[in-house]
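What TrEMBL annotates here:
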- 1-10: compositional bias 'Basic and acidic residues' (COMPBIAS)
- 35-61: compositional bias 'Basic and acidic residues' (COMPBIAS)
- 100-135: domain 'SAM-dependent MTase TRM10-type' (DOMAIN)
- 1-61: region 'Disordered' (REGION)
- 87-106: region 'Disordered' (REGION)
Amino acid sequence: MEAVEAERNDQNTPAPPPPPLTLSKNAQKKLLKQQRMEAKKAEKKAAMKEQKKKEAERKRKEWEEMLASVDEEERSKLIESRKCLRKERMEKRSEEREKKVQRLTNAKEHGQNIVVDLDFSDLMTPNEINSLVQQ
């Protein structure tokens with residue numbers, strides 16, 4: 001009876017977790033190298049982000065200094081010209097995007113043209129011709 005209860009208790013208790021897998025030296029080296037590369041990539045990304053932020057700040061300061069150094073009439077002309085340039089860039093991007101969408105839509109509707117040169121068909125065996133037709 002005690003043996004049955006002991007067996008029942010053994011069935012109710014969860015099995016111990018499997019021992020952690022140990023990595024081979026090569027696997028450890030690869031993992032370490034990958035971790036270093038990911039850390040370096042993150043550092044590079046952060047540095048680029050910081051550099052971009054500094055460049056934007058520098059340009060903004062230059063713009064503010066230039067606006068401060070000119071009179072009211074020149075300032076309004078500069079602001080207007082900058083707005084026009086920005087508007088032109090946005091329109092150009094919009095046109096390019098529309099052209100791309102149109103080109104892709106056209107390709108989707110009409111398919112892509114493919115030309116198969118059959119000048120060598122007389123040199124092909126019947127099996128090769130069948131294979132070509134299936135392709």
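Every residue number used here counts from 1 along the chain in the order it is shown.
Cβ from N, Cα, C; glycine included.
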Q. In the predicted model, what is the mean pLDDT computed over the domain 'SAM-dependent MTase TRM10-type' (100-135)?
A. 83
(Q) Within the region 'Disordered' (87-106), count helix residues (DSSP H, G, I), strand residues (E, B) and coil residues, in that order. (A) 20 helix, 0 strand, 0 coil
Q: Please list, for the compositional bias 'Basic and acidic residues' (35-61), how many residues fall into helix, strand and coil according to DSSP.
A: 27 helix, 0 strand, 0 coil
